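Sequence annotations record features per position, and here TrEMBL assigns transmembrane segment to 27-47, 210-229, 235-259, 294-314, 320-339, 346-365, 392-423, 444-466, 544-567, 574-596.
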Amino acid sequence: MGCCGSTERTKREWKPLEDRSCTDMPWFLLFTVFCVGMGSIFGFTIATGGAARLVFGYDSYGNTCGQRNEQIEGVRLSGLDQTDKKYVFFLDPCNIDIVQRKIKSMALCVSVCPDEELKTYQDLKRFAMHNGSELCSYELAGHKYPSLPERFDKCPKLPVPPSKSLPVFNRCTPVDISCYAKFAEAVVTFVSDNSVLHRLIAGVMASKEIIVGLCLLALVLSMILMVIIRYISAVLVWILTATVVLGSLGGTSILWWLYIDHRLTVNETLSKKTADTEDAKEEAEMSRDKAQALLVYAIAATVFTVILLLLMLFMRKRVALTIALFHVAGKVFIHLPLLTLQPFCTFLALLLFWLYWSLVLLFLGTTGNPVQNEETGLTEFRLTGPLQYMTWYHAVGLIWISEFILACQQMTVAGAVVTYYFTRDKNKLPVTPILSSVLRLMRYHLGTVAKGSFIITLVKIPRLFLMYVHNQLKGKENACARCMLKTCICCLWCLEKCLNYLNQNAYAATAINSTSFCTSARDAFVILVENALRVAAINAVGDFVLFLGKILIVTSTAFAGVLLLNYQRDYAEWVLPLIIVCLFAFLVAHCFLSMFEIVVDVLFLCFAIDTKYNDGTPGREFYMDKALMEFVENSRKLERVAERGRSRPTEVVSVEGAEIKPMAPGTSSA
């Protein structure tokens, strides 16, 4: 990609934005070869006619409709010229295999779909004579339909419902969808029993303008929240802290009160009962068991509350770091507004790839060698031999390339945030840091992204396979097997989440130091371990604050929706529009605030590196923002006070006389 590989430094020197070189080139070549293989599958489906059979349709003898066909060995009535017969007609369109999700009926190529109901064989004959479209098997003459004995097996099931051709896939589809009652029994029953579905759909259509407006409102609120969250993060954090502490203290107090009240009640009751009966002994035993259970609960709650209070006490500085990081992250989005477009770009890339993948998968369903179905005697196309592994290859491609696209987003965001953090004078930032980050990714680090996404793929595939096995065996496996499957799935899910977090930090380290994936992952892991408590505080507090932000956006959008929909009194049903709006609002909020979370994580890694290799002295000035500098200064003041309080006069604090220099002159702290 414009350069060749280079030998990495043996000693790690964190020099941001310097010594840029290609990373993990073998993995880039491997990923390129894999993508060529994905494209070859697409080419194979086109070359072998699978794409044409899907788009134009084919009959039960292997003939593709709308074109000339070659003779298939061993298949009668194949190799016909179907140039004038462009539509696929099913003799029994309601004969659907629900398990295999396909129509089991014989299919023929016809020139016109029947647009009216045909009730008798005379109607079939008249339709064939007038329209030139024979609806029975090719070997049967149209003018003989009523008298042929084969008409019961090789002619459509009567009555033939009126049908229309699909716009793209030339299939004759019945106009009355109730024909598919078996396939959609629940929906048909729901619709036939009442008009709820029709009312809901009518409500959506009537309020479509409001739905679009509310979706735009959710989008605007998400963008605004990403900017102002730095101002309200402190309030949210203290609300969270107060809620957790008060909830723990209140719960513990209630449990102790219940225990004491129960003991007093039991003692009073037993003192009044002097009878030494069996019932009295049993009642006394039950009361003691209840009291003991309440005591255990109260003690456990007390231990939990004490541990929680100690954690709050020891992690209060780290909570302050989370607030400072949120403050700086808000500034990042002000200086780099194009970051807000990243979720749209990623979603568009994923959507285009998923559409392409689904299309090729459909092509694969009509690709392969012609095989006669033993049950129906109809000709089908199936991948046999080594060709059947193309479907598995295609499935792996769905996971790997999807993860690759998500990893490209993480690397792009990391590169832009690293550029922002390690540029001392913010007025000298590149004109488009996002575009610069994308270009660096394309030129140097695609191999690193390919390797990181492949590791996630290796974990995701067995997890998805186990989930498939679990669903297939639902109700059949014993309790032990079910527990083991769920345990394995849970462990793989946890491993995947941990690797995702490590990968994200590895991409940030690569963006800083231009090192390979493994080297960057090791360096990032060391930094994270050295700051384990800070990482825990940021993830715990930060994730909850972002969750509150998502809830805020969803509830605000829902409240506005209730006001607007309730104001329009004509809307009889506005529950479904409101659900649609809330789901869209949560999706948008999740996308944008997940981007905010990535920025916070990258900022923290940069901050940890900055504080590890710089101390604020001349020549080793900090890169960090003013908000983070205030946090460092406050932390050092507390450390100095603690050192002086240890009554060790011979020890001198080395940093006492050092002047902290965060930025060069002219740096903007806006």
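Cβ from N, Cα, C; glycine included.
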Paired segments the transmembrane segment (346-365) and the transmembrane segment (27-47) in contact, 3+ CB pairs under 8 A: yes
Recorded stretch, among 27-47, 294-314, 544-567, 574-596, maximising Cβ pairs under 8 Å relative to the transmembrane segment (210-229): 574-596
Interface present between the transmembrane segment (235-259) and the transmembrane segment (544-567) (three or more C-beta pairs under 8 A): yes
Closest-packing stretch to the transmembrane segment (392-423), where packing means Cβ pairs under 8 Å, from 294-314, 320-339, 444-466, 574-596: 444-466
